[in-house]
Amino acid sequence: MPTTRICKIFTFDAAHQLIGHSGKCANLHGHTYTLEVVVSGEPIGEENPSDEGFVMDFAKLKAVVKTEVTDILDHAFISRGNEPALEVLRASGSKVAVLGFRTTAENLARYIVYRLKTAGLPVESVKLWETQTAWAQVYAAEVPDDGPFYQEVGGCDSE
Ligand SMILES: [Zn+2]
């Protein structure tokens, strides 16, 4: 059976601030991100009639992405940890996700694919749309087992 790819699309809202960037994204602002998760594998055979033909049950895919990604990032302030607003938001009980890296689309895509891979999902790639016209894509095979490389610089799409 040939390798087949399936994709499920998610959205989440998050706020961030890219400290030190020369553009508009140095300001605290938000995005409605669209996340495409591609899973690959051989479709399940007749030994499992309930799931026959599936690469993976979409409901299972959705459950993993919810636990590993959207429960953490949705409606959160996604933080590197160096933003002045962080402590105020924490103190007020607002949802924050301190990620420890600069929250560019590139870094977030690496983080997401690594979390999904580590959770055992047969993820092939993720594509993270920061705006309707800009995305970053990362292939799981290109992310080291001990974690991704995160860039220290970079901005976001403000067009
Ligand atoms: Zn941004």
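Every residue gets a Cβ built from N, Cα and C, even glycine.
The candidate list His16, His21 contains one residue that TrEMBL assigns to the Zn(2+) site with His29, His31, namely His16. Straight-line distance linking the Cα atoms of Glu130 (active site, charge relay system) and His29 (Zn(2+) binding site), rounded to a whole number, equals 12 Å. Here the binding-site residues are His16, His29, His31; the one with the fewest Cβ atoms within 10 Å of its Cβ is His29. Look at His31 (Zn(2+) binding site): DSSP puts it in a strand.
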